[in-house]
Amino acid sequence: MPAQYSLHPNIMLLSNLTQFSPMLYLTGFPGLETIEHWIFIFFFFMYLVAISGNCFILIIIKANPRLHTPMYYLLSFLAFTDLGLSVSTLPTTMGLFWFKSHGIYFGACQIQMFCIHSFSFMESSVLLVMSFDRFVAICYPLRYMVIITGQRVVRVGLIVILRGPVALIPIVLLLKAFPYCGARVLSHSFCLHQEVIHLACTDTTFNNLYGLSLVVFTVMLDLVLIALSYGVILHTVSRLASKEERLRAFQTCTSHLCAVLVFFVPMMGLSLIHRFGKHAPPAVHLLMANVYLFVPPMLNPIIYSIKTREIRHVISKLLG
């Protein structure tokens, strides 16, 4: 057992439970128990910004008929997935730092990991559809209104968004059939499939291969298609006559490009560390997991509020 878990006396009790026990043990930041109240304030601030910011984006788009366009429908999808990602981790993270509640029933852990991974895959899908929207707007501007319609965006968006949650169901349900032994300690304040599967004392090859395939054919594929879209966009922008036209065309992509980087860089880093960095310091795992789950939902509303002219205009009217 890692040395940092010796700081939690309840772990020894949990380790003596039978293999049919439904309880798992969540940890926050082992070794930093003396400053957990400051950590709670930090997390509370991030949740406040993420939840209020994404709700604000959704309310603005719904309340302004001028924003009922395909681009803002996609932004609504993004705000919804960010909101879902924040709410998915909220109960256990706040319960751990506020009420010192470390135990979680296995069924609740399954539900939480399903929600976390589902909203992550949803966000990847939304960013892919948004890149296609920018691709059509810049490369085929005269046909944009014909190709990108509100009804088509909603229909395609829903199909692409639901692929992740549907594909997740088998591996999440299969976790219940595995025997678990040892202390059953998770190193985060929330449940991730990559961690729970390591607690099983049986062959988990199917889950590992299925999970890796799922990441490759959703997140990795989305990232490749987004990169290809931006490759074509850059080629098209470089052929514009003047520097002002090139700058104006590319500025329409800056907010989406920032959202792509904010989401994909931590997510791919976390996935690589869990699969290939088993000997990395625990602090690295903790840092990457928390950046991946908390930073994108917090930054995306700020990015779009600053970079999107129509939203800035609505905000200035509300403040003025």
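Every residue gets a Cβ built from N, Cα and C, even glycine.
Remember, TrEMBL labels are computer predictions, not curated facts.
Taken straight from TrEMBL:
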DOMAIN    53-304  domain 'G-protein coupled receptors family 1 profile'
TRANSMEM  12-32  transmembrane segment
TRANSMEM  38-61  transmembrane segment
TRANSMEM  73-99  transmembrane segment
TRANSMEM  111-132  transmembrane segment
TRANSMEM  153-175  transmembrane segment
TRANSMEM  214-237  transmembrane segment
TRANSMEM  257-277  transmembrane segment
TRANSMEM  283-303  transmembrane segment
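Counting Cβ pairs closer than 8 Å to the transmembrane segment (38-61), the top stretch among 73-99, 153-175, 214-237, 283-303 is 73-99.
Between the transmembrane segment (283-303) and the stretches 73-99, 111-132, 153-175, 214-237, Cβ pairs under 8 Å are most numerous for 73-99.
In this chain, the transmembrane segment (73-99) lies in contact with the transmembrane segment (153-175); the count of Cβ pairs under 8 Å, excluding pairs fewer than 6 apart in sequence, is at least 3.
Within the chain, the transmembrane segment (111-132) has long-range Cβ neighbours (under 8 A, six or more residues past its boundaries) at 71, 74-75, 77-78, 81-82, 84-85, 88-89, 91-92, 104, 153, 156-157, 160-161, 163-165, 167-169, 172, 190-193, 196, 214, 218-219, 222-223, 225-226, 229-230, 256, 259-260, 263-264, 267, 293, 296. For the domain 'G-protein coupled receptors family 1 profile' (53-304), the model's pLDDT averages out at 86.
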